[in-house]
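Please find one structure pasted underneath; my questions will follow.
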Amino acid sequence: MNSNVENLPPHIIRLVYKEVTTLTADPPDGIKVFPNEEDLTDLQVTIEGPEGTPYAGGLFRMKLLLGKDFPASPPKGYFLTKIFHPNVGANGEICVNVLKRDWTAELGIRHVLLTIKCLLIHPNPESALNEEAGRLLLENYEEYAARARLLTEIHGGAGGPSGRAEAGRALASGTEASSTDPGAPGGPGGAEGPMAKKHAGERDKKLAAKKKTDKKRALRRL
């Protein structure tokens, strides 16, 4: 089994162990950390889909990999649960600034996990790894939300507490989670959440501007 533990200086290993122990005992809201006893540089994590988003009700498995240059270099983040999101690539790679140019050694693992959870609330289509998801987010939010919600139901265990419990058991056993109840979660995760309202407002503004322009053109022709 490949591991970067042997490549890290002893004082870095102690710092990582301390933070991981703290995160395990006192994790951020909606996040759980499952340390890999065989490899401290491979952190297994679950993130609950935030309310008011198409990911609500889902439980998403991910991992953080700490490289040999950590913390001088940022960790790499991957979703293990399939997800339809502009900033998540086909292989699960997560694209967020804190894992790239905004990284500093002082940020720590907790900050990274909180930033990734925030990415589920506020996707960034301008740095999309999934171009289709990024395009739909900007042009057709309802379709984007429907696609994201469908994958959440199928892969994210979005069947209420029973589905989330199964996803948690799958993480502990190292197997892929599956939904026990693929029924639509509806509610705030649907097309009426804050993300939908934000994009609906942007579309309304664009539509109003277009109508105004068309009206001016029509008047010029008179």
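Every residue, even glycine, has its Cβ placed from backbone N, Cα and C.
In case it's useful when we look at the structure, here is the feature table from Swiss-Prot:
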ACT_SITE  CYS95  active site, glycyl thioester intermediate
COMPBIAS  208-222  compositional bias 'Basic residues'
DOMAIN    11-157  domain 'UBC core'
MOD_RES   MET1  N-acetylmethionine
MOD_RES   SER173  phosphoserine
REGION    156-222  region 'Disordered'
With DSSP as the yardstick, break the domain 'UBC core' (11-157) down into helix, strand and coil residue counts.
59 helix, 25 strand, 63 coil
Using all protein chains in view, find how many other C-beta atoms are within 10 Å of the C-beta of CYS95 (active site, glycyl thioester intermediate).
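Counting Cβ neighbours of CYS95 (active site, glycyl thioester intermediate) within 10 Å gives 18.
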